[in-house]
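The following features are taken from TrEMBL:
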- 68-249: domain 'Malic enzyme N-terminal' (DOMAIN)
- Y91: active site, proton donor (ACT_SITE)
- R145, N406, N450: (S)-malate binding site (BINDING)
- K163: active site, proton acceptor (ACT_SITE)
- E234, D235, D260: divalent metal cation binding site (BINDING)
- 261-519: domain 'Malic enzyme NAD-binding' (DOMAIN)
Amino acid sequence: MPTRILTPEYVNGIFKGLKISPEPKAEPAHGLTPPALNKSIQYKRCMLQLRSKGDRPLEKYIFLSSLKQYDEEMFYAILMANMPEICPLIYTPTVGDACLNFSHIYRKPEGLYVSIEDKGSIKNVLRVWPHKDKARITVVTDGSRILGLGDLGVNGMPISIGKLSLYIAGAGFKPESTLPICLDLGTNNAKNLDDPLYLGLRRKRVDDKEMDEFMDEFMHAMAEVFPNILVQFEDFSTDHAFHYLERYQNTAKVPVFNDDIQGTGAVVLSGFVNAAKLSSEASGRDLTDHRVLFLGAGSAGVGVAKQVMSFFTLQGLSEEEAKSRIWFIDSQGMITADRPKLQAHKIYFARKDYSGPPLKNLLDIIDYVKPTALVGLSTMRGAFTKEAVEKMAELNPRPIIFPLSNPVSLSECEFKDAIEWTDGKVIFASGSPFLPYTYKGKEYYPGQGNNMYVFPGIGFGGVLSKCKHVTPSMVENASLALAESLTQEERDMGLIYPKLTRVREVSMQIAARVIHVAQEEHVDRNAPLRHMDDEHLLEFARKRSWYPRVPSS
Ligand SMILES: O=C([O-])CC(=O)C(=O)O
Ligand SMILES: [Mg+2]
């Protein structure tokens, strides 16, 4: 039996003051605000107040979060005009701190909490969401693997909220069409369970069987209550991430994708396409001869490797040949097929062509594999040591080094170090942002291989096409559209990803491509769009994209 009593009073009470959908707002009545206050001054005051918090990012997060609640349009105007400054505050890395502290800094409802105690009546809980008919995109986490921070339980909610803010700023979803959801299936995090202020259920996680039953009911209920929604799974623990993607991606009545597996994979493939070209220009090596070594074999690592395989298959290699260009290291060393008790998701990439003693040390493995690219999704801070990066630079005139773990405190290496250790030769992308670095008088720009470049466009294209499913080809094409979106200026700067300031335009290109592929694969249900050519699809996406009505200066 649910413990919550969903009386109208309860529902009205909990949402009182929750501004999920600002209807066109009346200006505050004359006399209630100081005479000179207007939106432009308010914008400047907000920026001033934000910046006055100096280098206290969590305080900035809290400030921005309350700004979003009392003046949503102002929040988005500020975010969109200052993406490089604000993204790291509402998203990785600061969102990691917000999650760790969520039970202490929580103020107001911003999404739905569905707990194991709601099993049997999940539909009723979903129905409390205002504007049910407007919901088009949801980010659903169970808090079990938040960034690289592990099981945070209900404290994972800010990740759903942060990603949806980027769906809005990045692609132009209307704020009221977004729905953050945190599933509370317990937590195995002792720190949470010992914290008297922890806001989730005070119990260990349920077993897999009970979780399956819960998830099946949840997905059915979602399709019934929100028939037009697209579901993005986020930060589920590795086994569950793969399991629920497979369980629902072709069968659920609403389209589903997993951002950690597919979004991260797509964004890294895109960066790799551009990086491999730069690296091959320097080495003369054929594109099909790249060799990619992954450190970390969780949902993101394996998801990324599967996408990177399509780099090779697009060059004409077979699946087996493509797979042979990829090596994995996990906590026990290089993954080989003869290792006993390999987890299911690691078997595919386990090497069958190695028979020596187990290789455990990164330097030995680099010596053996001779990679052109080193990709980290290990959440092991500093795992790409000076010696390892120097060895990569000995092997390659332009080594590709992607330390992709989030947040920044768990990055496998820092941008500054990668530049110095390779004497500026590195082609670099990280998961969380680093600042540009000047070395020997030249300014170098880090790439940010974060799924924020693709999920807004995948979601927007998926929703505009009214797709039944998100297919692998839609994801792969999102990635290629991102790779192709670089301007000449960005290429001249040596970038492998477009500038963050262009993310809206890039998302439109991705969305248009996603619609096109949904049509080719007959998973679209928006028939009138079928008559549009690519240029019209792009125009259509741009027209449907939401902007805050606030002057941005
Ligand atoms: O949230 C991010 O920055 C990227 C991501 O999905 C993760 O690290 O789990
Ligand atoms: Mg994630």
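Backbone N, Cα and C atoms are what each Cβ position is placed from, and that goes for glycine too.
It is 14 Å from the Cα atom of D235 (divalent metal cation binding site) to that of N450 ((S)-malate binding site). Checking each of the recorded positions (Y91, R145, E234, D260, N406, N450) against K163 (active site, proton acceptor), the C-alpha distance stays within 10 Å for Y91, E234. It is R145, among the recorded positions R145, K163, whose Cβ has the fewest other Cβ atoms within 10 Å in the structure shown. Per-residue confidence over the domain 'Malic enzyme N-terminal' (68-249) averages out at a pLDDT of 97.
Proximity of the recorded positions (Y91, E234, D235) to ligand 2: a Cβ under 6 Å from the molecule is found for E234, D235. Within 10 Å of the C-beta of N406 ((S)-malate binding site) we count 25 further C-beta atoms, all protein chains included.
Around the Cβ of N450 ((S)-malate binding site), the same chain contributes T92, T264, V267, N406, G431, S432, P433, each under 8 angstroms and 6 or more positions distant in sequence. Neighbours of the divalent metal cation site: apart from E234, D235, D260, residues of the same chain with C-beta atoms within 8 angstroms of the site's C-beta centroid are T141, R145, I146, I159, F233, F236, A241, N258, D259, S299. The maximal spread of the (S)-malate binding site, taken as the longest Cα to Cα distance among R145, N406, N450, is 17 Å. Taken residue by residue with DSSP, D260 (divalent metal cation binding site) is part of a helix. In the three-state DSSP assignment, the secondary structure recorded for D235 (divalent metal cation binding site) is coil. In the three-state DSSP reading, the residue listed as 'active site, proton acceptor' counts as helix. Put simply, Y91 (active site, proton donor) is 13 Å from E234 (divalent metal cation binding site) when counted between their Cα atoms. A separation of roughly 10 Å, to the nearest angstrom, links the Cα atoms of D260 (divalent metal cation binding site) and R145 ((S)-malate binding site).
Counted within 10 Å of its Cβ, the other Cβ atoms near Y91 (active site, proton donor) come to 27, all protein chains included. Secondary structure from DSSP puts R145 ((S)-malate binding site) in coil.
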